[in-house]
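Have a look at the structure below before the remarks.
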Amino acid sequence: MDQDLSSESNLPSGSIDKSKVLDVKPLRCLVPVLPTAPGMSSVSSPQPAPFVCVPPTGPFPLGVQPFYPFVVPSASQRTPSSVPNQAANFSFGTPIQSPVPLNSFRTPADPANGGMERSNKTTKTYASGGVSTGDGYADSWNQSDVENASNSGKRRSQPRKKRDSNDNDVIETIVDNLITSFKLNGFDDFRRTSGDKEVAGTILLVFDLLRRRLTQIEEASPGISKHPNLTAGTVLMAKGFRTNSGKRIGHVPGVEVGDVFFFRMELCIVGLHAPIMAGIDYMSVKLTMNEEPLAVSIVSSGGYDDQGGDGNVLIYTGQGGVQRKDGQVFDQKLERGNLALEKSLHRASEVRVIRGVKDVNGSNGKIYVYDGLYNIEESWIEKNKLGCNVFKYKLIRKPGQPEAFTLWKSIQQWKNGNASRSEFILPDITSGAESLPVTLVNEVDDEKGPAYFTYSPMLKYSKPFSAPKPFSGCHCLNGCQPGSSNCPCSQRNGGYLPYISSGVLVSNNSLIHECGSTCACPPNCRNRVSQAGLKVRLEVYKTKNRGWGLRSWDPIRAGGFICEYAGDVDDASKVGEFSNENEDNYIFDTTRNYEPLGAVHDDFNGFVKVPYPLIVNAKKNGNVARFMNHSCSPNVFWQPVLHESNSEAYIHIAFFAIRHIPPMQELTYDYGMVPSEKGLHGRKKCSCGSVKCRGYFY
């Protein structure tokens with residue numbers, strides 16, 4: 001108010017002069033009056049005085065101290081007589097030592113790892129792609145963990161486009177279809193909370209199918225989900241579809257040593273490691289009169305100076321300690337995760353270890369390997385390359401566990417030629433016919449190899465099928481692009497390309513249309529995935545009870561292409577002949593009945609129907625697919641793929657991973673059953689060992 005109100009003091013108490021109109025300014029126009037720093041004038045000063053605040057004064061309860069942004073007095077302001085209960089002026093400059101400011105818990109971006117890897121915050125994701133921490137602070141997401149394909153790890157300079165209601169409706173519809181298809185509501189609360197192999201596997205399948213579908217939609221029309229893996233995980237957890245939600249020390253039900261994960265979110269939804277960004281997960285345990293933290297799991301993936309040792313030893317760096325842009329360096333503190341590791345050392349409590357290794361198949365992201373249980377042997381403090389004091393913990397792997405990280409190290413030595421295997425029979429069974437060698441190994445007996453056959457990487461047609469309509473192909477000179485309305489190949493696949501940018505198949509379909517010989521797109525077009533040959537290092541090996549089998553040196557992500565079934569295309573009328581002979585060991589017959597592939601499809605029910613009956617005989621000519629054994633609980637599914645050129649149609653049988661497959665795990669698919677109208681010939685005993693084994697197959 002500009003008017004002098006001193007005269008109002010003469011008015012009788014309780015009365016107001018209503019004849020006067022006061023000039024009232026809104027509060028936002030008023031200039032705040034701030035305290036003046038000691039020694040500076042509040043009237044005239046060439047530079048504005050720094051903001052000065054007064055912290056809360058005591059007395060404080062035991063253990064309670066001023067909190068950030070209140071800071072300790074600078075050296076010039078400290079006096080010997082200063083006591084906590086005195087009011088004093090505090091200036092920004094030296095942060096208080098406890099608790100440490102938030103930014104001291106952030107890890108500097110590591111160029112080799114695409115950004116922050118380990119943080120000291122328990123995190124919760126939101127569908128927008130941001131991350132809200134359990135401490136009430138916010139942070140951006142590590143891009144290398146987001147889609148395992150990108151790499152910047154930088155914060156967004158522009159705000160994200162807000163998702164509209166139509167996008168949310170699309171996501172909700174896809175999620176509801178998956179929940180219904182997989183009968184997730186059939187899992188009771190106890191199974192979801194406690195976890196088991198079926199629940200964990202099903203939830204991971206639903207997560208990855210949702211992630212792939214959202215990725216496909218995002219690539220075709222950007223805006224619906226910038227980070228599909230975050231959106232998929234957030235939506236599922238919001239609906240309660242996660243497992244092992246309660247923290248525990250030791251193994252997690254439903255997760256086996258050696259299992260692989262391609263996203264940090266997957267660790268969260270199965271309860272292996274709860275924080276999305278933090279490298280140390282811990283829980284409070286009441287061991288004495290007071291509760292104390294104990295570590296339950298750690299993730300070691302290169303964000304800090306961790307050392308792997310011989311594969312059974314891990315030198316792990318604690319969390320915190322950072323050098324800010326202004327040059328300030330913060331030491332790590334013995335609190336939170338670091339304190340939990342120290343307590344676990346003294347209590348001899350075991351810790352789950354997840355190793356992050358580089359994805360060698362083209363991505364800049366990480367693959368996370370569950371390496372089992374470790375014990376902490378010792379801890380110490382040392383200086384890191386930034387000059388910070390950091391905590392170091394030496395962990396020793398508990399004996400008697402299956403190989404995991406040590407197996408990865410052995411495979412890398414095989415690839416580099418630094419280690420030999422006495423069990424090798426042939427270094428390359430293909431004799432150079434494939435882009436990658438396929439080794440032949442026998443670790444069981446003295447057999448020197450399978451019966452003679454000619455290796456052929458291609459399917460051989462004596463006569464193609466006749467296409468119902470001529471197809472001249474696409475004109476995508478730079479390759480078929482998602483969302484292109486001018487690409488006839490995309491339109492034949494329902495308006496979407498069947499593969500996302502990483503080359504992963506979105507879901508099983510009754511038929512996939514890939515580009516043919518008349519298409520103008522290059523060989524590396526994303527709609528030619530099954531035509532580009534092997535993508536992983538495969539190995540033909542002797543099994544203990546099922547003859548020769550097939551496995552991979554490399555991890556295979558869910559939906560990843562493995563190989564096609566090569567051989568000679570036979571007349572469909574010959575199917576009855578093969579059913580009575582041993583030759584059907586190397587026959588692939590699309591006229592059989594196959595179990596519905598609900599585990600890899602989001603909207604399809606019933607048996608796969610191929611437009612043309614196809615029988616492939618790989619007894620004399622074939623490729624690695626002929627060695628893939630049957631299983632009633634397979635990890636591989638087959639997919640009919642159509643190539644059309646003018647009036648000719650060629651059906652191919654391509655194999656893809658149902659779920660993430662760790663290295664050296666046998667690759668199997670369901671052989672199907674002969675239709676009842678053709679008679680049940682050639683029933684064979686099944687030795688797959690699955691808990692869902694039918695006992696036989698045809």
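Yeah, the Cβs are placed from backbone N, Cα and C, and that goes for glycine too.
Keep in mind that TrEMBL annotations are predicted by a computer and have not been checked by a curator.
Per TrEMBL, region 'Disordered' is recorded for 99-168.
According to TrEMBL, the compositional bias 'Polar residues' annotation covers 140-152.
What TrEMBL records for 153-163 is compositional bias 'Basic residues'.
TrEMBL lists 250-397 with the feature domain 'YDG'. Secondary structure of the domain 'YDG' (250-397) per DSSP (helix as H, G, I; strand as E, B; remaining residues coil): 18 helix, 65 strand, 65 coil.
When averaged over the domain 'Pre-SET' (472-533), pLDDT in the model lands at 94. Residues or ranges marked as domain 'Pre-SET' in TrEMBL: 472-533.
Counting residue by residue with DSSP, the domain 'SET' (536-672) contains 19 helix, 56 strand, 62 coil. Taken from TrEMBL, the feature domain 'SET' covers 536-672.
Look at TrEMBL and you will find 682-698 tagged as domain 'Post-SET'.
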Which one of these stretches, 472-533, 536-672, 682-698, has the most C-beta pairs shorter than 8 Å to the domain 'YDG' (250-397)? 536-672
Tally of residues which DSSP labels helix, strand or coil - the domain 'Post-SET' (682-698): 0 helix, 4 strand, 13 coil
